[in-house]
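To keep things clear, I will list the structure first and then write my remarks on it.
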């Protein structure tokens, strides 16, 4: 397939560039599932509003009416966005699904902006309007303490330290890193982010007790078992997706029921497959972009813990889970838009809409943390930890200067010197070079003299 050729996917056109690793066949069946339903959604929305206005009696409860009005406003905005917003890079399972999460991103960012502009007390008490159980200070659980893997002091259960730390975060770690691997699509970047976050937990455990863990909890349970196994399974899934044939046929064009069920299941897989080749050392722009991606990932991970700390939300609260589900859905789209913007800036001249709003959300969450609990954020980091981070930053700067500046200048100097040496050696290899130049000069002089004589004789 030629670069830039267009293939039809239902009602959408997808440009398959040279980076696509798979040939896509699509019969172009435009079923009811793929058609635009703008008029239908508008009609249903109008009927609901007419019912609320004319047939339903408004309760005399200010708080209830306020909540219902805010929810109705959000739903109307979601209806508009799902039907009218710009499509993103993904079309499976349906473009409307990704438009929905884009609109949810906007709503969430507006909610964060509202919380940011409140006082600390009012912002925390506002959470009671979402759940009356919120707005109460909660103790933070620590995972440190007794770090003996085998504790002889408890003969009834000497491995109690391990079982105490086997909570709901263990499968969450595995599932989270499995999905992150599908989003990043690079083994090295996933491992770097996984290890770097453990170093951040070491560095910030004086601020949040939740970061205080045993050494084997950091490196064995988290990095090797949960994160490592999730990354391994994610890479295996990526390998299967890169080898999977992408042949799309309309559901009603498939004769067998088994084929129809298989087609429905494959609707939740990508339309086509693009392998992410980050190549951070190829040029300075990609290197800085990869560093920015890693930094943003780590900041979003830290926001998860700090937000629930400053807003007094227990770890098992459904809002914490909803935020993780939200980032799972928007993170994949944002990462694809960032990769397209890096890999093909001539075609993708600006950062994608989902990537833009995710970056804004990450920054706004961090600003809320800074405003709501500056004392915790400003707790001084231990001196030896500060030294380690300064050393790491200095090493990164030195490597950057060497790789993209000093090394390039050295290579250019060596290349110029080599060309000069090759040029001088070629001139030396020309036979009679020393005498030939004089002969050529004297020959030209004689020829010029003869021509001058001819010119003088012509009149």
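The count begins at 1 with the first shown residue.
Even glycines carry a Cβ here, placed using N, Cα and C.
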Annotated range (TrEMBL: transmembrane segment) out of 318-335, 336-353, 408-425: 318-335
Stated TrEMBL location of transmembrane segment, expressed as one of 384-405, 428-449: 384-405
For the transmembrane segment (318-335), sequence-distant contacts whose Cβ falls under 8 Å of one of its Cβ atoms, 6 or more beyond its ends: 88-90, 98, 101-102, 104-105, 108, 130-131, 172, 176, 179-180, 182-184, 293, 300, 304, 307-308, 352, 354-355, 357-359
Proximity of the transmembrane segment (97-117) to the transmembrane segment (355-372), 3+ C-beta pairs under 8 angstroms: yes
Contact ranking winner - 32-54, 287-306, 355-372 against the transmembrane segment (187-204), Cβ under 8 Å: 287-306
